[in-house]
Amino acid sequence: MATVKVIDFIQTPFDFLIVGGGTAGLVLAARLSEEPGIQVGVIEAGSLRLGDPKVDLPTGPGQMLGDPGYDWNFESIPQAGANAKAYHIPRGRMLGGSSGINFMSYNRPSAEDIDDWANKLGVKGWTWSELLPYFKRSENLEPIEPSASCPVSPKVHGTGGPIHTSIGPWQAPIEESLLAAFDEAARLQRPAEPYSGAHLGFYRSLFTLDRTSTPVRSYAVSGYYAPVMGRPNLKVLENAQVCRILLSDASDGIPVAEGVELHHAGARYAVSARREVILSAGSVQSPQLLELSGIGDPSVLEGAGIACRVANTDVGSNLQEHTMSAVSYECADGIMSVDSLFKDPALLEEHQSLYAKNHSGALSGSVSLMGFTPYSSLSTETQVDATMARIFDAPSVSGRLSQQNASYQRRQQEAVAARMQNRWSADIQFIGTPAYFNTAAGYASCAKIMSGPPVGYSACYSIVVSNMYPLSRGSVHVRTSNPMDAPAIDPGFLSHPVDVDVLAAGIVFADRVFRSTLLNGKVRRRVSPPAGLDLSNMDEARQFVRNHIVPYHHALGTCAMGQVVDEKLRVKGVRRLRVVDASVMPMQVSAAIMATVYAIAERASDIIKKDCGFGRRLRAHI
């Protein structure tokens, strides 16, 4: 049913309690409540914002990021690898979670990324072939025009799932020439099907945009929750924050998750679960809740004044995040980008009218062009050799690794090293962005990343660069025993020098694309990095990167499979407790992670149903 009052919620005899009604949590809620005899409860700290134009419209993210009504608005500790800056760490605070505030990019990783979870890290049962049916089950691909430069195959896409995917209706005029310039500079063929597990090359990307009528965001609320909110066995409590998991001891001394304690409207309540508690609070708050409940590194717990119930030094460690930098050029006269709307009120009015009349124009969706290249193809053999030597011998990360499982970290490093020497590996992502990409202001406030061109410049276009397989590792840990206190978030940005090498190589390549003769007459001059910075000097390129990155908002790994949870996503050393969200992903992937999180949650729902004896419904959904 729709969201309920707290008294109704706490008096319900739930079978499953899902902590967090975000990207993964609402998938689980919808799938588990398919069993009519099962009571499912969802606890969400934010509000239901169904029909909110800030959420629905493609231009909405800039209005939501940093707004506490939509965003947890976390901040990292100062980052030593990025000139001691403290970074804005946005996380969706609403039903739908970050699927409701992100930029709607729908990517799938390379098949190798997922296969490495099993083959390199020993997480059995999680391979590309086993996860692909769940990518398809979550997706509703809308018809793609043949001219869209995004080849799709029905074999790898779903057309009846909850989440709509489509090509945005607007493309910046420069992008056809830019796509050709990418092809020329990279000397790569365009991918035959970029969602099949092989996405090297450049193409127009899908987005979670529902274009069946007015183009609106398709996210966990609209796709998974809204169609089933009338179910009597599904209850959602909004504006309630879980404080800790309630644990009891079985006769063998192993703790059992009995329910949770929550805070709502100034009061605390306990609510129980007869079968399982499932954490879907995300990569920041799932490990925080484990630690608040006494599950984690004993030294961390002791420092926060929390009694240790289950010792696991991996809880909250292994944090991995993509970082982004960018090259921006000023467009030539007559070449429009989204920046043009900031400079010309009449043009803005024209595009507002286009959106109102037929849902077209620059306000209907602005980012479409992207691609992936290997690191080895952008660097000399000498540079690649030097990078390889630094992977396993980097003093700047030795302190971080000492508190984590050394063997586990070594296997991750070996996997990255193998990819970076592979000429078919999608090591670096490039995103065509029809606006000035302001890393100088965006690190402290993500809402300012695309807020118009700098003074003295007309409309700009940017190529955003991201390292897909970072070696830097960070952590999320409680500071105190108070659940209302934000945890200490240390992403470890650029703490490994190889990450700087990779981003610098990407910046140099992006600049080369802009200088292609195919863009003559379309771009005028470089805005960032400044014209005086010599990108032929890799030391200068590295220095630029260290001062000009922002997070991509793809944090994962803090409750990793194999370390904190097992292959069925059960928390080690505890009964009736699972984690299902991005935190269980053991290693970073070459994609925005939303599609993978949907797939993981879909698969988790089948695992849980099978474990609980509900197997009769499984085959109907694959």
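Cβ coordinates are placed from backbone N, Cα and C, and glycine is handled just like the others.
What you see is a predicted model, and the numbers here were worked out from it, not measured in a lab.
Annotation comment: Swiss-Prot describes Thr23, Ala24, Glu44, Ala45, Asn102, Phe103, Met104, Ser105, Ala582, Ile593, Met594 as FAD binding site. Ala582 (FAD binding site) counts 29 other C-beta atoms within 10 Å of its own C-beta, drawing on all protein chains shown.
Residues annotated as active site, proton acceptor in Swiss-Prot, with similarity to another entry given as evidence: His554. According to DSSP, His554 (active site, proton acceptor) sits in a coil region rather than a helix or strand. The C-beta environment of His554 (active site, proton acceptor), restricted to residues of the same chain at least 6 apart in sequence and closer than 8 Å, consists of Glu321, His322, Ala582, Gln588, Ala592, Ile593.
For Glu44 (FAD binding site), the count of additional Cβ atoms within 10 Å of its Cβ stands at 28 [all protein chains shown]. Every protein chain shown contributes to the tally, and the Cβ of Thr23 (FAD binding site) ends up with 29 other Cβ atoms within 10 Å.
In this structure, Ala582 (FAD binding site) is part of a helix by DSSP. For the recorded site, Glu44 (FAD binding site), the DSSP three-state label reads coil.
The Cβ of Asn102 (FAD binding site) has 23 other Cβ atoms within 10 Å, all protein chains considered.
Sequence-distant neighbours of Met594 (FAD binding site): residues of the same chain at least 6 apart with a C-beta under 8 Å from its C-beta are Thr23, Ser98, Ser99, Asn102, Ser105, Tyr106, Thr208.
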